[in-house]
Amino acid sequence: MIAMDFSISRKTIFALITLAAISFYITYLFSSCIASNMSKGMPKWRHNPVVANEIPLIQYSTSVRVVSLLESNETDISPKYRLFREQGLHPVRQLPSALVIGVKKGGTRALLEFIRIHPDVRAAGSEVHFFDKNYHRGFQWYRSHMPPTLEGQLTIEKTPSYFITKEAPRRVQMMNPSTKLLVVVRDPVTRAISDYTQAASKKPEMKTFEEMVFINGTVGSIVDTSWGPVKLGLYYKYLTRWLKFFPLSQLLFISD
């Protein structure tokens with residue numbers, strides 16, 4: 001009797017194990033089917049612009065969502081660009097379609113950092129100085145200093161000295177007459193003091209601000225408008241040059 005009970009118990013255990021294995025296999029197949037269907041239903045990167053007549057389940061308001069914006073000029077070998085290539089996307093370097101052209105010590109860096117937070121904006125990591133110091137190197141050289149971008153992204157570059165460079169307006173127009181121009185203006189006196197402070201920090205032997213800003217160094221006398229920090233604050237002189245090549249509608253002024 002004891003032997004029979006032991007035999008029945010073994011059969012029961014075997015049957016339970018078999019049922020458990022079948023149940024696990026069925027569950028695995030069911031889960032795999034669900035995962036496959038979810039993967040097909042997930043939104044994917046578009047290779048073409050969104051067509052207005054399309055009615056997708058999910059439609060992004062912007063074409064880019066995973067681009068890191070706080071790094072400097074990345075190269076095509078970085079992990080994120082390998083990921084883009086795996087998805088059939090090919091970032092390329094483009095000439096900028098917008099420029100922050102000035103003014104020095106006006107807050108141009110802060111402006112650029114705020115703008116580049118937007119996922120559809122890519123900015124050169126440092127001042128390229130193409131239209132004032134490196135124009136002889138050619139547009140191919142300039143392009144090589146731009147960050148890779150995807151279709152739909154905006155490339156932007158900042159060099160404040162463009163605003164006062166005599167040849168810059170014509171050169172920018174030759175690159176693209178539709179270029180958007182951003183100018184950060186600041187109270188001329190405050191800007192001049194900030195400009196002087198930066199220079200004095202590098203040259204402790206410099207004369208005082210009062211000695212530099214007034215003719216003959218006499219406080220209360222005529223302001224020396226030929227002195228760099230003061231001269232740069234005469235915005236109308238430089239703006240007149242830019243308006244000869246670009247309509248006012250293409251310039252945006254930001255007051256600090």
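Backbone N, Cα and C atoms are what each Cβ position is placed from, and that goes for glycine too.
Curation plays no part in TrEMBL annotations; they are all automatic predictions.
TrEMBL lists 12-30 with the feature transmembrane segment.
Feature annotation from TrEMBL assigns domain 'Sulfotransferase' to 97-255.
With a cut-off of 8 Å between CB atoms and residues at least 6 apart in sequence, the same chain places PRO160, ARG186, ARG191, SER194, ASP195, GLN198 near LYS105 (3'-phosphoadenylyl sulfate binding site), listed in sequence order. According to TrEMBL, the 3'-phosphoadenylyl sulfate binding site annotation covers LYS105, GLY106, GLY107, THR108, ARG109, ARG186, SER194.
The active site, for sulfotransferase activity annotation in TrEMBL covers LYS105.
Counting neighbouring Cβ atoms within 10 Å of each of the binding-site residues (GLY106, GLY107), the lowest count belongs to GLY107.
Sequence-distant neighbours of ARG109 (3'-phosphoadenylyl sulfate binding site) (same chain, 6+ apart, CB under 8 A from its CB) are LYS158. With all protein chains in the displayed structure included, the most crowded Cβ environment within 10 Å among the binding-site residues THR108, SER194 is that of THR108. Summarising the environment of ARG186 (3'-phosphoadenylyl sulfate binding site), the number of other Cβ atoms within 10 Å of its Cβ, over all protein chains shown, is 20.
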